[in-house]
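Inspection log for the structure reproduced underneath, given as structure tokens.
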Amino acid sequence: MSWRPQYRSSKFRNVYGKAASREHCFDGIPITKNVHDNHFCAVNARFLAIVTESAGGGSFLVIPLEQTGRIEPNYPKVCGHQGNVLDIKWNPFIENIIASCSEDTSVRIWEIPEGGLKRNMTEAVLELYGHSRRVGLVEWHPTTNNILFSAGYDYKVLIWNLDIGEPVKMIDCHTDVILCMSFNTDGSLLATTCKDKKLRVVEPRSGRVLQEASCKNHRVNRVVFLGSTKRLLTTGVSRWNTRQIALWDQEDLSMPLIEEEIDGLSGLLFPFYDADTHMLYLAGKGDGNIRYYEIGSEKPYLSYLMEFRSPAPQKGLGVMPKHGLDVSACEVFRFYKLITLKGLIEPISMIVPRRSETYQEDIYPMTPGTEPALTPDEWLSGVNRDPILVSLKEGYKRNSKIVFKAPVREKKSMVVNGIDLLENVPPRTENELLRMFFRQQDEIRRLKDELSQKDIRIRQLQLELKNFRNSPKNN
């Protein structure tokens, strides 16, 4: 019997990446040079937000998506933080609300006006203090409105109810810095990776660790839930310092289902999963390429499709939500690539080639929209609910009617899990202490100059008085 190659039937086998032309990019942006391992970029159907390089404090730009081309150097910024901004995320249900976290130990909620910023924004609608060290990650709950998670360098994850503007739960099971957080489809489980080389699956409302893996052969960096498949995918480094991915069963983390080495480069691998197409995208920090795979339910689980290549290295990548894609062009995913060397944000569309111009239902199943499935009180009481799904057939452009109302708070004790988070003033970061020191030095110099000017004036007046008394007219 003659050997025949085994071809796998897949509608996504020929997906290709298409970079936008220069006039559809965002140019002239001073992208931050911070080495923190985050994307520094967030995008939704209306706005693009990018963390920028700034002197004194932290800031980020918010640009309407239609405003492509060169951005002016004096373009208005969101600049209320006293330390470097480390992460930004758009609210999935209210498209003009964005959360940011910073080295100044705070999490802040900003309301972007219709049409974008006209002047610098320094006042947040809500300032959240609860961490004792800098805050490196923020994540919105996928199905519940106004529930926000933040992870700090104090090894704690705080759950904030923005209806009252306070933390309502604290997850305190980590022994080192938390590197990544990911939710399952209904938000009932939280997966985290940590610098202590452990992968954890946590029940967020109780803080109970359901599964834990000590990854000695596979040092995990990033984790993502693979939709409703009850599987996790992690990226990390093997014992031979090669980049590696691993697939896990969320109910048994004793051993990975598969491990696969990618290459010998050193940049962090960012995973992105599209639950609608079951496609996984891998993009390395400092790489120019994006690999993509198809996830199956049976072995070998992971099928390599193709690779988008570009000579320009990426610092981070923003991802457009499904309802912001161009369905008429068969676009199934869109990245916003940060190219630091050029100060450029380049959209990259992943397209399924189809001859027909009609709506392709097989590549656009029902997908989560902009309506929350739960209120904060329902979720905190133990209710779980899948996201509300919508069809993209007519081009989903429905704006959510939810309006964010910042709570009016009085200063009081903030007790979470029996610990008063406001008992101790959070310690200052090194950058903040340096800024305070230089400000004090400037103030001392200014006061000295004022005193010396006053001394000179007093001497002048004394001399004038003496000359006046000694003049012949007064004798």
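Backbone N, Cα and C atoms are what each Cβ position is placed from, and that goes for glycine too.
Note that TrEMBL annotation is computational and uncurated.
Copied over from TrEMBL:
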{"type": "COILED", "residues": "444-471", "note": "coiled coil"}
{"type": "DOMAIN", "residues": "5-69", "note": "domain 'DUF1899'"}
{"type": "REPEAT", "residues": "78-120", "note": "repeat 'WD'"}
{"type": "REPEAT", "residues": "128-170", "note": "repeat 'WD'"}
{"type": "REPEAT", "residues": "171-212", "note": "repeat 'WD'"}
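When averaged over the repeat 'WD' (128-170), pLDDT in the model lands at 93. Secondary structure of the repeat 'WD' (171-212) per DSSP (helix as H, G, I; strand as E, B; remaining residues coil): 0 helix, 23 strand, 19 coil.
Counting residues of the repeat 'WD' (128-170) by DSSP class, helix then strand then coil, yields 0 helix, 25 strand, 18 coil. Residues of the repeat 'WD' (78-120) grouped by DSSP class, helix first, strand second and coil last, total 0 helix, 22 strand, 21 coil. Across the range of the domain 'DUF1899' (5-69), the DSSP-based residue counts are 3 helix, 24 strand, 38 coil.
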